[in-house]
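These notes concern the structure reproduced below.
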Amino acid sequence: MLEGIRGYMMVRMRKMHRKYERLRNLICPQARSIIAEEDVKARKCLARASTNDRVEVRIGAAGFVVDLGSRDCTCGAWQLSGIPCCHAQSAMGLMRLNVEDYVHECYLVTTARKVYAHGMPCMSGPQTWPSAEGYPVYPPIQKAMPGRPKKKRRKEAAELEVRVHKNGSGQPIGREGMVMHCSKCRGTGHNARKCPNPPFVPSELVMENVQGRGTRGRGTRGRGTRGRGRGQQGGSNEGGRGQPMESQNEASKPKRAIHCGKCKQPGHNARKCPLNMGIQFPRAENAGIRSSAEAVGTQPTEIDATQGPTTQPQ
């Protein structure tokens with residue numbers, strides 16, 4: 001990082017040296033722009049000369065005294081910056097003096113040329129540096145401090161105060177003075193993790209659940225006796241409102257056949273499978289008996305090892 005800064009400063013000083021070598025003015029460009037701004041303000045001033053290079057300058061109801069001999073003004077701007085203020089330029093215009101002759105010497109082009117004349121010396125790489133004698137220097141060992149490490153940075157005194165936005169809305173920056181709102185019950189003073197209240201339900205959903213209102217439209221059979229039905233499945237015999245849409249959809253859907261995962265038979269699941277109670281269905285050797293039982297309409301029952309499979313009429 002330091003090597004990068006040194007290289008940047010070396011290039012910058014050469015650039016500034018060439019810039020000021022080409023200038024033919026007496027004052028630097030930055031100072032000339034400030035003089036031009038103060039000259040616009042000086043046009044509104046009224047100057048009245050006195051003895052000993054003193055001039056009284058008035059701008060509106062305010063008045064200032066400019067001493068051209070000691071190069072100061074009672075406003076204090078000329079002493080601080082070294083560039084004549086608007087009151088001093090008004091006095092110089094009254095006395096027919098050149099403003100550039102009263103600018104401090106640090107703003108002269110000749111001074112800038114002396115500053116950037118030497119430049120930054122060049123430097124060879126670390127492979128040519130002589131090795132240091134003694135023990136090598138290592139960075140200090142970082143010691144883990146007791147306690148939990150802090151993640152928040154230390155704020156300055158000015159940041160601890162409650163600041164407001166630039167738009168003047170009056171809301172403080174940060175979380176100071178903010179009211180917490182719960183996303184679960186829409187209440188204040190707590191968050192959703194510590195909410196003691198039931199969830200918030202909009203009033204529209206409550207009314208729909210109470211009335212059981214579905215979508216508008218005719219039913220499957222069209223109109224009822226008195227009028228159109230309201231709901232997805234259609235009107236009842238007396239018209240009016242039908243059942244909720246979800247219950248009607250569930251009633252209209254055909255039930256899926258349940259298949260057992262153990263015996264692959266329909267009508268039950270693996271938990272209520274007859275194989276768990278010792279009932280066995282005929283397999284390969286009893287395929288003929290099973291097919292005949294199915295043709296007659298009988299149901300297989302428990303098989304005895306000595307007597308063989310038996311059927312029981314339904």
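Using the three backbone atoms N, Cα and C, a Cβ is placed for every residue, glycine included.
All annotation found in TrEMBL is predicted automatically rather than curated by experts.
Positions annotated as compositional bias 'Basic residues' by TrEMBL: 215-229. Sequence annotations record features per position, and here TrEMBL assigns domain 'SWIM-type' to 64-96. The annotation domain 'CCHC-type' is assigned in TrEMBL to 182-197, 260-274. Annotation comment: TrEMBL describes 141-175, 207-314 as region 'Disordered'.
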DSSP-assigned states of the domain 'CCHC-type' (182-197) in counts, ordered helix, strand, coil: 0 helix, 1 strand, 15 coil
Same-chain residues at least 6 beyond the ends of the domain 'SWIM-type' (64-96) whose Cβ lies under 8 Å from its Cβ atoms: 31, 34-35, 38-39, 41-42, 44-49, 52-58, 102-104, 106-107
Integer mean pLDDT for the domain 'CCHC-type' (182-197): 90
